[in-house]
Amino acid sequence: MSTEHKKQSLSAVTLAAIGVVYGDIGTSPLYTLRECFSGHYGFDVRPDVVFGFLSLIFWMLILIVSVKYLTYVMRADNAGEGGILTLMSLAGRNTSSRATSILVILGLIGGSFFYGEVVITPAISVMSAIEGLEIAAPALDPYIVPCSIAVLTLLFVIQKHGTGSVGKLFAPVMLVWFLTLALLGLRSIIANPEVLAALNPKWAISFFTEYKSVSFFALGAVVLAITGVEALYADMGHFGKFPIRLAWFTVVLPSLVLNYFGQGALLLKNPEAIKNPFFLLAPDWALIPLLILATLATVIASQAVISGVFSLTRQAVRLGYLPPMRIIHTSEMESGQIYIPVINWTLYLAVVLVIVGFERSSNLAAAYGIAVTGTMVITSVLFCTVALKNWHWNRFFVYFLLVALLVIDVPMFSANALKLFSGGWLPLSLGLVMFIIMTTWKSERFSLLRRMHEHGNSLEAMIASLEKSPPVRVPGTAVYMSRAMNVIPFALLHNLKHNKVLHDRVVLLTLRTEDAPYVHNVNRVTIEQLSPTFWRVVASYGWRETPNVEEIFHRCGLEGLPCQMMETSFFMSHESLILTKRPWYLFLRGKLFIALSRNALRAADQFEIPPNRVIELGTQVEI
C-alpha cells in the first residue's frame, strides 16, 4: 500500500473512531460542570470553586483517559480486542486456580456494572440535550420527558435494520460536534482568558485543602466528565490502538478542554449562567441549531452504548456466561454489527422507566458514577495482574503503578458510593441482577455437564460395541451435537434405545469456543475418523464469531468428509431439568437456571439448521 493510501486509510479509521468511540465522553460537557454546582454539594459559583472544578476535570482527563487507559490499559489486548471480559481472560491465564476464580469474579462484576450504567447513559445524554428547549422556549419544559422518550424510541426501533447506512453519518456529525465544542469554548475563553489559570494543578489541590470533605463528595459530579471511558478500551478491536489515540489527542481532548474552560469563563463573567452553561455559551441565533446538533450527538452516543451492550452480550454468550439468544447480523460486511432483540427491548423498557422515574438529567446524574468507578478499580487490578503475570514487568514497578492507579480510582469510587441512596442503587441493582444471572448460568451449566458426563457411556467402548454388533443401518448421515469429547451424546443413546437404528455415517459434532476473538479458517475444523462409520468433528470459533453449520460442512468437504445439508439429519438432545433437594438459596438459583434454560435459544435455531432436518430427543436430568 502506498504512503498516500495509508494516510487516507488512517484518516478514515480515525474519523470513524471519533464517531463511535468518543460519543459518550464527547457529550459529557452538556451536563458535567452544571452538576458540579448542583444543590447536592452546596457550592456557590465563585472563582476559586470554578478554577478548582476545571482543574479537577482537566487533570482527570489527562490522568485517567490519557495516561491510564490510552497509555497503559490499551496495551492489554487479545488479538487486538479489548474490554473488561477480555482483560479478565488475559489476567487468568498464568495464575493459580484460586486466583483465577477471584479474577473471574472481578471481571464479571465489572461486566455487570457496565449493564447497570448502560441504562442511565442514553437517558441522561438525550435528556440533557432536549433540556436545551428550556433555554430556547421555557414553555416547552413539560415536553422534555415525552420528547426524550420519542427520540430514544426511534433509536431502539431502527436497531433491527442495522446502522450501516446511517452509521456513515456518525463520524462527520461527531466531528462537527467536537469542532462546535471547541469554537464555543474558544469564543468564551478569548473573552475571559484568565480561566486558563485552572490548568495549574495547584487549583485542584487547594480545592481539596480548602473545602475538605465537601470537595471529596464533589468527585461524584466530576466523574461525569469521563463517562464512556471504558468504550476506548472495549472498541479497540474495531479501530485499533493508534487511531483511537490519534483521535483523542488531536480532536477530542482539545475540544473537551476548550469547551469546559469556555463554560468556566462564562461562569466567571455571569454566575447566573450555571442553570445551563453549555447552551448559554452559544449566541441566541445558534441556539436551535446547537440543540439539534446536541440531540444528534447524544443519539450517536447512545447508539455506541447500545452497540457496546450487544457486543458484550455476544461475548458473554460465547464464553458461557449467558444463555444462548438470537443474534442477528445486520451487515454482511461487518461481523461486529449485530442486533439482539431481547437485549434491545429489555434495555429500551429500562431506559424509558428511568426517564419517567427520574424526570430530569440532574436527578439521573445522582445515579451515575458508582458502577463506572467500580469498573475502573477492577480494570486497574486486572491490568496490573496481566502486566505482572503475563508480561513479567518489574514487580516493584507494577506495585507502584497499581498504587498510583488506585490512589485515583478508590477515592473516585468512594465518593460515588455516597450516591447509593440518591440514585446509585439503580445501576448497582441492575448490575447485581446481571451478576446473579451470569454466575448462575455458568456454574449450573458446568454442574449439569459434569453430571451428564459422570452418567454417560464411554465413547470408545460404545463405538467398538456398535461396530462389532451393528444395529439396523439406514442410508444417510446423522449429526449428533456432542458437548463432551469422550462421552456418547444422549441423543444417540435415545435414538438407539427407541428407534434401534443407526445411519450409515455418524458424525459427532463438538463446537468449541477458543480464548480468542477469531479463529483462522485453517484451524476452524479438525476431523478424526473413530471407526469405519463414526467421525468426530471439532469446530473452533472465537468469541466474536457465530458458529455456522453450513460453513462447518464446507470445511468438512475440503478435509475429505463431504456432507450435504439436505441429506443430513441433526439429532439434538433437549434436557428437561428436575430440581433435587437443595438449601433454599441453591434452590432459588436452580429455579432461575431452569427458567433461563427454558427461554434459551435452541441449538437448531442458534446454528441456523433447517427445521425439517432436526430431530429433538428429550431426556430428564436431575440438577
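Positions of Cβ are set from backbone N, Cα and C atoms, glycine also.
Database features, via Swiss-Prot:
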{"type": "TRANSMEM", "residues": "10-30", "note": "transmembrane segment"}
{"type": "TRANSMEM", "residues": "47-67", "note": "transmembrane segment"}
{"type": "TRANSMEM", "residues": "102-122", "note": "transmembrane segment"}
{"type": "TRANSMEM", "residues": "138-158", "note": "transmembrane segment"}
{"type": "TRANSMEM", "residues": "166-186", "note": "transmembrane segment"}
{"type": "TRANSMEM", "residues": "214-234", "note": "transmembrane segment"}
{"type": "TRANSMEM", "residues": "248-268", "note": "transmembrane segment"}
{"type": "TRANSMEM", "residues": "277-297", "note": "transmembrane segment"}
{"type": "TRANSMEM", "residues": "338-358", "note": "transmembrane segment"}
{"type": "TRANSMEM", "residues": "364-384", "note": "transmembrane segment"}
{"type": "TRANSMEM", "residues": "396-416", "note": "transmembrane segment"}
{"type": "TRANSMEM", "residues": "420-440", "note": "transmembrane segment"}
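Counting C-beta pairs under 8 angstroms (sequence separation of 6 or more), the transmembrane segment (138-158) reaches the transmembrane segment (338-358) with 3 or more such pairs.
Here the transmembrane segment (420-440) has Cβ contacts under 8 Å with residues 40, 105, 108-109, 111-117, 119-120, 316, 321-322, 350, 354, 358, 363-364, 366-371, 589, 592-593, 596 of the same chain, all six or more residues outside its ends. For the transmembrane segment (47-67), the list of distant contacts is 25, 32-33, 36-37, 195, 197-204, 206-207, 210-211, 215, 218-219, 222-223, 225-226, 229, 232, 248-249, 253, 256-257, 260-261, 264, 267-268, 376, 408: same-chain residues at least six beyond its ends, Cβ to Cβ under 8 Å. Note on the transmembrane segment (166-186): residues 15-16, 18-20, 22-23, 26-27, 29, 158, 251-252, 254-263, 281-282, 290, 293-294, 296-297, 300, 303 of its chain, located 6 or more positions outside it, place their CB under 8 angstroms from a CB of the stretch. Tallying C-beta pairs under 8 angstroms between the transmembrane segment (277-297) and each of 10-30, 214-234, 248-268 places 248-268 first.
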